Amino acid sequence: MSHTEVIRRLASAHVTGAGLHDDAYKGAGPNRRCFRAEPKGEDPSAQARLKKQEDTEIRRHHGDGDASNEAGQNILLFPKQSVTDYVILRPTVKQALKQLTVCLRSYTNLHRGHSLFSLATPEKNNAFLIYLQSPKFCHVYINQEKFVFEVDPEVLDWKQTCVAWDSETGLLQLWINGKRYPRRVTASRSPIGPQMSVILGQEQDSFGGKFDAGQSFVGEMSDVNMWDHVLSTKTIANNYLYESGNIFSWTNGTKEIRGGVMALEN
């Protein structure tokens with residue numbers, strides 16, 4: 001079949017919506033490419049819109065490119081050092097957590113210690129705490145037990161932090177920007193909760209309060225999610241790929257803003 005005849009049949013198939021048969025490629029050579037004709041009557045512009053929508057949804061889940069912040073709908077700005085600026089999260093927890101993963105994104109130029117995520121119970125003010133002591137050290141508390149992780153020096157950019165803990169094994173894991181640091185094992189095996197107070201930007205020295213301005217977060221925060229299970233290393237390490245948290249989702253979880261914290265559009 002001549003090259004002209006192949007082109008003619010391709011054009012005819014596009015117009016009629018008929019499928020292309022193998023004999024349309026006889027003699028076309030080893031580098032021939034297969035084409036799938038559009039079904040008859042389907043609007044190409046509608047297909048393009050659908051494809052764009054699907055791509056956007058994929059980026060929103062995967063944190064790809066500029067759509068990564070879209071998944072959070074907004075960014076929380078903590079403008080100043082204080083004891084009045086913070087955000088309360090209301091996770092959906094019906095029983096004590098035997099496993100817990102917390103992921104968040106933050107952006108700050110602070111060089112002093114500050115609290116990113118504080119979970120307290122009536123019995124333990126540091127039941128689950130993520131606290132950056134300095135640009136080189138991250139402190140994680142599990143049921144009052146303190147662990148110090150030496151981490152890479154920070155650059156002035158958004159930082160992705162994930163902490164996961166399993167009460168059965170005591171395994172504690174920290175990832176920053178997809179890099180997992182040496183794993184630790186806690187002595188405590190007690191589940192966390194179910195009654196809990198979860199606060200962003202302040203460190204709780206009592207259940208729901210007793211803040212210290214010198215430990216407050218100043219900067220921007222987004223995409224805070226909580227799960228009642230341990231996320232896989234692949235999910236966390238592969239450019240922060242994760243689905244919305246199942247006990248707290250940044251996109252639709254309840255957030256209560258206090259003080260001068262601002263919710264900003266991207």
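For all residues, glycine too, the Cβ spot is worked out from N, Cα and C.
Over in TrEMBL, the protein carries these features:
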type	residues	note
REGION	20-71	region 'Disordered'
DOMAIN	72-266	domain 'Pentraxin (PTX)'
DISULFID	CYS103-CYS162	disulfide bond
Counting across all protein chains, other CB atoms within 10 angstroms of the CB of CYS103 (disulfide bond) number 23
On average, residues of the domain 'Pentraxin (PTX)' (72-266) score a pLDDT of 94
Count the Cβ atoms, other than its own, that fall within 10 Å of the Cβ of CYS162 (disulfide bond), considering every protein chain shown. 23
